[in-house]
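J.: Okay, handing you the structure first.
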């Protein structure tokens, strides 16, 4: 093993060891399921903002997004980033404070399924069970995408087998999450967001320098038809520009709708110590999101110029998602200091993956142990840890294909949560007339429509080739309104709770 690889490995081992240590320290503060699942509602505004965004971005930020920009230019990646930035801002602006308050009013709910059950006084537990099942269905492939990213990282860098690398990464993530629960996940996510930021800055500066300067990067990109256009995209196969239609733009912007239904992000809102501090959290979050996504997209553009200059190989297909890994490997060849910086970059990719996977594992395990099995107290924590391990095993099995696309897996799971939960969250917080029948219909119609549109409608092409989240979200909203109006109005006790949450009294 070269000295550069040794330096990289040292940096990564220190990082992974630090995450496990945080998990151990946080484990000593878990006295109840409220602590394990929600950190005792004691998160500060900075940790709330940064952990929410770190758990949101996943390996998609440092692998998927630059990879798409590298292959096709800025339109697809750019409109997706704009949609996510808008979604982040609106989610913090209208959902965060109301959800924090309402989850407390609704019998101190500590998970999203519990909130649905308590919000609608659903004694049958149907809402709770269905939402818990949806969480497990979509979080397993979402978590698998994170494990796949780790496997790609280590196998391409150190030459170890993809499966071995993926399993080692999964063990570390499961380890600190099992020990420390939500507090460990949030604390490590905050630290990981900082590491991700440092990684983006290093790659940006080094990449521009190696490519020949900013002017060269721009000129090379301009030479490709549609590469720098927001209304066209570059077609790799034909070498020509293809139009990026208005309908495609709208469906890409629809990524922002997903935020309203992401359990691992919404839990951060529920966990903040004071709802008034969410204003500061919103400002921090939107600044970080806009800057980090803009840099990630530009890194994809820089990567093309680096390939053109011969600094890195020309990347095709899902291999384009390893662009930052290739840049880090190139950086490591310039001496010990640069090798350590490369280690930080690679730790940043790990951070982007782990910060999401830990939150997803925690949300999925709580859905099973707390919501399905109804376990609380110490036995609930034990059940959650066992469930967490089992879900991780399923995710590893699902991610065994090294050629799977991180971007595509995340896209599907994101749509699933956005359509199944997003409309229900919004209507439960802002429409007084919503009842449990409407909420259940919204979940089922939204979740099912994701599969129907993706596998039956979208393959038809043409005007039907739009991101499945948009039509599924609309269908879910219609279902909520129709079924709520067609069935009895909520009981007075439900309406009184709604009024109390709305007024903040």
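Glycine residues also receive a Cβ, built from the backbone N, Cα and C atoms like all the rest.
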J.: If you check TrEMBL, which stretch out of 68-94, 95-121 is marked transmembrane segment?
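T.: Result: 68-94 is the stretch TrEMBL calls transmembrane segment.
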J.: Looking at the ranges 29-51, 190-212, which is given as transmembrane segment in TrEMBL?
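T.: Within the set 29-51, 190-212, TrEMBL attaches transmembrane segment to 190-212.
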J.: Out of 284-306, 307-329, which range is noted as transmembrane segment by TrEMBL?
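T.: Within the set 284-306, 307-329, TrEMBL attaches transmembrane segment to 284-306.
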J.: Have a look at 126-144, 221-239 and point to the one annotated transmembrane segment in TrEMBL.
T.: 126-144
J.: Checking distant contacts: for the transmembrane segment (469-486), what same-chain residues at least six beyond its ends satisfy Cβ-Cβ under 8 A?
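T.: Same-chain contacts beyond the flanks: 250-251, 254-255, 257-258, 414-415, 418-420, 422-424, 427, 431, 433-435, 437-447, 449-450, 453, 457.
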J.: As a test: from 7-24, 126-144, 437-457, pick the stretch that has the greatest number of Cβ pairs under 8 Å with the transmembrane segment (379-399).
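T.: Between the stretches 7-24, 126-144, 437-457, 126-144 has the largest tally.
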J.: Could you check whether the transmembrane segment (126-144) and the transmembrane segment (405-430) come into contact, where contact means at least 3 Cβ pairs under 8 Å with the two residues of each pair 6 or more apart in sequence?
T.: yes
J.: Do the transmembrane segment (7-24) and the transmembrane segment (156-178) come together with 3 or more C-beta pairs under 8 Å, pairs six or more apart in sequence?
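T.: The answer is yes, given that the two segments have at least 3 Cβ pairs within the 8 Å cut-off.
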